[in-house]
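Here's the structure, in structure tokens; my notes come after.
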Amino acid sequence: MAEEKKAPISVWTTVKPFVNGGASGMLATCVIQPIDMIKVRIQLGQGSAASITTNMLKNEGVGAFYKGLSAGLLRQATYTTARLGSFKLLTAKAIESNDGKPLPLYQKALCGLTAGAIGACVGSPADLALIRMQADNTLPLAQRRNYTNAFHALTRISADEGVLALWKGCGPTVVRAMALNMGMLASYDQSAEYMRDNLGFGEMSTVVGASAVSGFCAAACSLPFDFVKTQIQKMQPDAQGKYPYTGSLDCAMKTLKEGGPLKFYSGFPVYCVRIAPHVMMTWIFLNQITKFQKKIGM
């Protein structure tokens with residue numbers, strides 16, 4: 001009987017990091033969605049952040065900033081649930097194997113790389129839907145897909161292009177996620193330890209400060225891969241049915257040849273502004289959710 005009573009607690013203990021991670025990511029996305037929309041349009045060559053914002057308000061209205069929100073929430077429910085939950089379990093196992101000692105930076109980075117790959121594989125279909133929905137209004141009328149929501153996009157993509165098309169661009173998505181999570185997760189833990197132990201920061205100051213550092217590191221590590229991923233996912237065939245890029249490497253080489261290395265960092269200020277607050281709010285929400293659960297004994 002005693003073993004039967006422990007089972008639900010064990011299941012919740014395992015599931016909790018995934019639930020908390022997904023919930024915190026979805027809450028953060030609701031706030032960051034407008035900045036993410038602007039970032040995508042900058043990468044698609046629509047102009048500066050100021051001009052894009054002005055044109056969207058003038059021509060499309062406030063609702064345009066939230067186009068693709070359903071896909072963004074679905075992405076967090078899959079990608080962030082998987083990556084943050086996996087990272088928590090991986091680091092716990094690593095600490096256990098390390099006799100309870102704090103992990104060195106390289107082990108945190110490896111856990112972040114692995115968690116990012118897992119999350120990207122799970123969240124790739126939702127990420128594809130999000131990119132296409134955000135880019136739709138930038139296309140000529142005849143080429144627009146007119147998806148009504150994330151589930152409509154996933155259904156249409158499966159029906160028109162095949163189920164495997166849901167993982168189009170999965171390669172660069174996984175690489176980008178590995179780079180982002182290595183920067184985000186490892187630097188957050190390392191910064192939090194330093195700010196708390198060496199600088200004497202309080203709990204909230206530590207969360208905010210470490211989140212800002214991890215957000216910048218995540219942006220710097222991942223933007224080149226994000227740029228390539230976006231180009232691959234939004235590309236369409238020409239009149240002869242030929243795509244502009246044969247794959248991620250071809251896209252990267254053509255971009256390097258035509259625009260130089262800095263082309264990969266198009267929209268970096270906006271991307272950094274988008275990543276850092278999202279990371280900060282994800283950690284803050286996660287911190288508050290965890291505190292609330294402890295308070296009520298969950």
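Note that Cβ sites are derived from N, Cα and C of the backbone, with glycine treated the same way.
As annotated by Swiss-Prot, repeat 'Solcar 1' applies to 12-93.
Swiss-Prot lists 103-194 with the feature repeat 'Solcar 2'. Across the range of the repeat 'Solcar 2' (103-194), the DSSP-based residue counts are 79 helix, 0 strand, 13 coil.
Secondary structure of the repeat 'Solcar 3' (202-292), assigned with DSSP and counted as helix (H, G, I), strand (E, B) and coil, comes to 74 helix, 0 strand, 17 coil. Annotation source Swiss-Prot lists repeat 'Solcar 3' at 202-292.
What Swiss-Prot lists as transmembrane segment is 18-38 (among others), and the listing cites sequence analysis.
According to Swiss-Prot, the transmembrane segment annotation covers 68-88 (among others), on the basis of sequence analysis.
According to Swiss-Prot, the transmembrane segment annotation covers 109-129 (among others), on the basis of sequence analysis.
Annotation source Swiss-Prot lists transmembrane segment at 169-189 (among others).
According to Swiss-Prot, the transmembrane segment annotation covers 208-228 (among others), on the basis of sequence analysis. Sequence-distant contacts of the transmembrane segment (208-228) (same chain, six or more residues past either end, CB-CB distance under 8 Å): 43, 172, 175-177, 179-185, 187-189, 191-192, 195, 201, 248, 251-252, 255, 263-268, 271-272, 275-280, 282-284.
Listed as Cβ neighbours of the transmembrane segment (268-288) (distance under 8 Å, sequence separation of 6 or more from its ends, same chain) are residues 20-21, 23-25, 27-29, 31-32, 35-36, 38-39, 42, 49, 80, 84, 180, 184, 188, 203, 207-208, 210-212, 214-216, 218-220, 222-223, 226. Annotated transmembrane segment per Swiss-Prot: 268-288 (among others), in sequence order.
Residues belonging to the repeat 'Solcar 2' (103-194) score a mean pLDDT of 86 in the model.
Listed by sequence, the residues of this chain that lie at least six past the ends of the transmembrane segment (109-129) yet keep a Cβ under 8 A from its Cβ atoms are 68, 71, 74-75, 77-84, 86-87, 90-91, 94, 103, 147, 150, 153-154, 157, 166-170, 173-174, 176-186, 233. Tertiary neighbourhood of the transmembrane segment (169-189): same-chain residues 79, 83, 87, 91, 103, 105, 108-109, 111-113, 115-117, 119-121, 124, 127-128, 210-211, 213-215, 217-222, 225-226, 228-229, 232-233, 247-248, 275, 279, 283, selected by CB-CB distance under 8 Å and a gap of 6+ residues from either end.
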